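Annotated features, as they stand in TrEMBL:
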- 34, 64, 81, 109, 110, 129: S-adenosyl-L-methionine binding site (BINDING)
- 129, 155, 156: Mg(2+) binding site (BINDING)
């Protein structure tokens, strides 16, 4: 962490005790969760947007999902996690925070559950924080379920600084992953249907706002084919 990041991290301050316990659990069990500066930015946007219906791809242990629901009291969450142990921990997390009645958790692979998720659409916001090599696939599957004016957040799009590094990584698999993330970033920055920025916070946070035209749901959440 450089001096600037350390300074900002100090300004953000500590999470409350329950979330600190989750952060310690994640560190001890090597479960990746959002860094504090990036989740602070995302929650800031969430408080402005005030989403009623949020989709999360990559529940992990329920850390980010719980932070979202705590920040936006009127929100409900549909979340997908393929790892059974993490999904069970997430269930415990939501229950501990008294959020379980606002959550639908699918213990499935997000690549194969599109039809089930579709039943909960439209969504005001989508958060992608799962397998980085599948980001473009996840986006193509689930972004159509986001209404016009909705926001998609994608974490880890700078991937430890490697995405911006001109030098190739010595590991072949890492090089392939970096190429995929770069291609996704480039596509999102050039796609006219989405207004996208990438913020150098945490591991890189992409924020994409859905523009008008050619979408499945309008700004009210009404399906266009239902008109």
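Glycine is no exception: its Cβ is also placed from the backbone N, Cα and C atoms.
Predicted automatically and left uncurated, TrEMBL annotations should be read as such.
These numbers come from a predicted model, not from an experiment.
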Other CB atoms within 10 A, centred on residue 81 (S-adenosyl-L-methionine binding site): 27
Listed in sequence order, residues not in 129, 155, 156 with Cβ within 8 Å of the centre of the Mg(2+) site Cβ atoms: 32, 34, 38, 58, 128, 130, 132, 154, 157, 203, 205
Where residue 156 (Mg(2+) binding site) falls in three-state DSSP terms: coil
Nearest recorded site to residue 156 (Mg(2+) binding site) by CA-CA distance, among binding-site residues 34, 81, 109, 110: 34
Residue 110 (S-adenosyl-L-methionine binding site) to residue 155 (Mg(2+) binding site) - Cα separation in whole Å: 16
Span of the S-adenosyl-L-methionine site, taken as the largest CA to CA distance across 34, 64, 81, 109, 110, 129 (Å, rounded to a whole number): 20
Length of the line joining the Cα atoms of residue 155 (Mg(2+) binding site) and residue 64 (S-adenosyl-L-methionine binding site), in Å: 11
Local Cβ density at residue 110 (S-adenosyl-L-methionine binding site) - other Cβ atoms counted within 10 Å: 25
Under 8 Å by Cβ from residue 64 (S-adenosyl-L-methionine binding site), counting only residues of that chain that are 6 or more apart: 33, 34, 39, 42, 56, 127, 129
Least Cβ-crowded entry, counting other Cβ within 10 Å, from the binding-site residues listed as 109, 129, 155: 109
